[in-house]
Amino acid sequence: MPDAKKQGRSNKAMTFFVCFLAALAGLLFGLDIGVIAGALPFIADEFQITSHTQEWVVSSMMFGAAVGAVGSGWLSFKLGRKKSLMIGAILFVAGSLFSAAAPNVEVLILSRVLLGLAVGVASYTAPLYLSEIAPEKIRGSMISMYQLMITIGILGAYLSDTAFSYTGAWRWMLGVIIIPAILLLIGVFFLPDSPRWFAAKRRFVDAERVLLRLRDTSAEAKRELDEIRESLQVKQSGWALFKENSNFRRAVFLGVLLQVMQQFTGMNVIMYYAPKIFELAGYTNTTEQMWGTVIVGLTNVLATFIAIGLVDRWGRKPTLTLGFLVMAAGMGVLGTMMHIGIHSPSAQYFAIAMLLMFIVGFAMSAGPLIWVLCSEIQPLKGRDFGITCSTATNWIANMIVGATFLTMLNTLGNANTFWVYAALNVLFILLTLWLVPETKHVSLEHIERNLMKGRKLREIGAHD
């Protein structure tokens, strides 16, 4: 009995280590999102570019990410989750090198597209891999660790941007990504491949070997393998399954909708244009804007711990609903303050408090939980196709948000822009209550059975 307990502890440690290494992809994702906020003013100054070109510098990465996400389904299915992560790490190294050395804005935009390809591969593969590796009781927490790494990456980028801002060294801001990219590349060599990918390839011995390393007991590993075998009895897969099976189409639709909801909360507007938003709040000094951006990043990291604590205790659906409510309030009040005018130090502090409240709402809910849900709701035979659709949607929506914010400010005005995002968050509360299932402590195979039986989307996580 003591040996069994010792083995269980050893396997838990191994599972955590594997999940941590995979989540490092999120760190690079976050660094890529964060570095451009601080570098953009210096890039605009050096290359003398317009607001429209600045939007392209920001959104070119999202275009690359959408392309990378679309290609990742095929890549992940053919080569496996591990090799896909390896390819993503190589692209991160190459993209950051070219970005830092860009002689003109055209090369910089192309380099950002290359980085986007890396982010697309990572944002597709890492949550999928984590959902297939982690045991059901901690699956939400482990996938949320990926989002935590994103927020740590954003904070790290803001800190390095602030450090380099005193000399305007934007090339160093963009170049720091190389170091963690190399660490990820080394770390991936130590990862096992997904047991569900092995099973999909009919390599059941390999699947069992991985499960025996990662589960507390051999009985638990064998039970999980039996459930995986059962889910493989569906004859069609991918596009064929999408065409023939209306229940699978519902899951793909929900995944796409969830990613649209995440992006149109307005969070990445703040991530990409944080210094600009601080300027709107009355902070005209560049140093104040940069340190304000660091506070945004730190709040994002700390609030993500709330999600990790709640996701496997309180559940996905109530946490998500509360988050959208907090974000709607934050954006609504911020828009009202922009309308009235921010003329005093106390008004400035209150505006920043509303901004930080919005960030807490996102980081505790839509930030991690959308990735959790999208990786849970797709059936095994259609998982690569379904997550390709949802991840590509994430980046297309992300690109639209990044490419339109400055235009919205110029055409709608500051207050109306923030009110639009507040109204969208209210809409997302209603959509969550209507469509989103509770998947806490439910196996992926049980969710799949409910989906394929034709149960309502909001009920596919229900126990029989």
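The count begins at 1 with the first shown residue.
Cβ atoms are placed via backbone N, Cα and C, with glycine included.
Feature annotations, reproduced from Swiss-Prot:
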- 1-15: topological domain 'Cytoplasmic' (TOPO_DOM)
- 16-36: transmembrane segment (TRANSMEM)
- 37-56: topological domain 'Periplasmic' (TOPO_DOM)
- 57-77: transmembrane segment (TRANSMEM)
- 78-84: topological domain 'Cytoplasmic' (TOPO_DOM)
- 85-105: transmembrane segment (TRANSMEM)
- 106-112: topological domain 'Periplasmic' (TOPO_DOM)
- 113-133: transmembrane segment (TRANSMEM)
- 134-139: topological domain 'Cytoplasmic' (TOPO_DOM)
- 140-160: transmembrane segment (TRANSMEM)
- 161-171: topological domain 'Periplasmic' (TOPO_DOM)
- 172-192: transmembrane segment (TRANSMEM)
- 193-250: topological domain 'Cytoplasmic' (TOPO_DOM)
- 251-271: transmembrane segment (TRANSMEM)
- 272-290: topological domain 'Periplasmic' (TOPO_DOM)
- 291-311: transmembrane segment (TRANSMEM)
- 312-321: topological domain 'Cytoplasmic' (TOPO_DOM)
- 322-342: transmembrane segment (TRANSMEM)
- 343-351: topological domain 'Periplasmic' (TOPO_DOM)
- 352-372: transmembrane segment (TRANSMEM)
- 373-394: topological domain 'Cytoplasmic' (TOPO_DOM)
- 395-415: transmembrane segment (TRANSMEM)
- 417-437: transmembrane segment (TRANSMEM)
- 438-464: topological domain 'Cytoplasmic' (TOPO_DOM)
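Contact between the transmembrane segment (172-192) and the transmembrane segment (16-36) is supported by 3 or more Cβ pairs under 8 Å, counting only residues 6 or more apart in sequence. No contact links the transmembrane segment (395-415) to the transmembrane segment (16-36), because fewer than 3 Cβ pairs that are 6 or more residues apart lie under 8 A.
Residues 65-66, 69-70, 72-74, 76-77, 120, 123-124, 127-128, 130-131, 139, 143, 196, 199-200, 228, 231-232, 234, 236-239, 241-242, 245, 248, 251-252, 254-256, 258-260, 262-263, 316, 436-437, 439, 444-445, 447-448, 451-452, 460 of the same chain lie 6+ residues outside the topological domain 'Cytoplasmic' (373-394) yet bring a C-beta within less than 8 angstroms of a C-beta in it. The listed stretches are 16-36, 113-133, 322-342, 417-437; of these, 417-437 has the most Cβ pairs under 8 Å to the transmembrane segment (251-271). Counting only same-chain residues 6+ beyond the ends of the transmembrane segment (140-160), those with a CB under 8 A from a CB of the stretch are 15-16, 19-20, 22-35, 37-38, 126-127, 130-131, 133-134, 172-173, 176, 180, 271, 274, 290, 293-294, 296-298, 300-301, 304-305, 307-308, 311-312, 316, 363, 367-369, 371-372, 375, 439-440.
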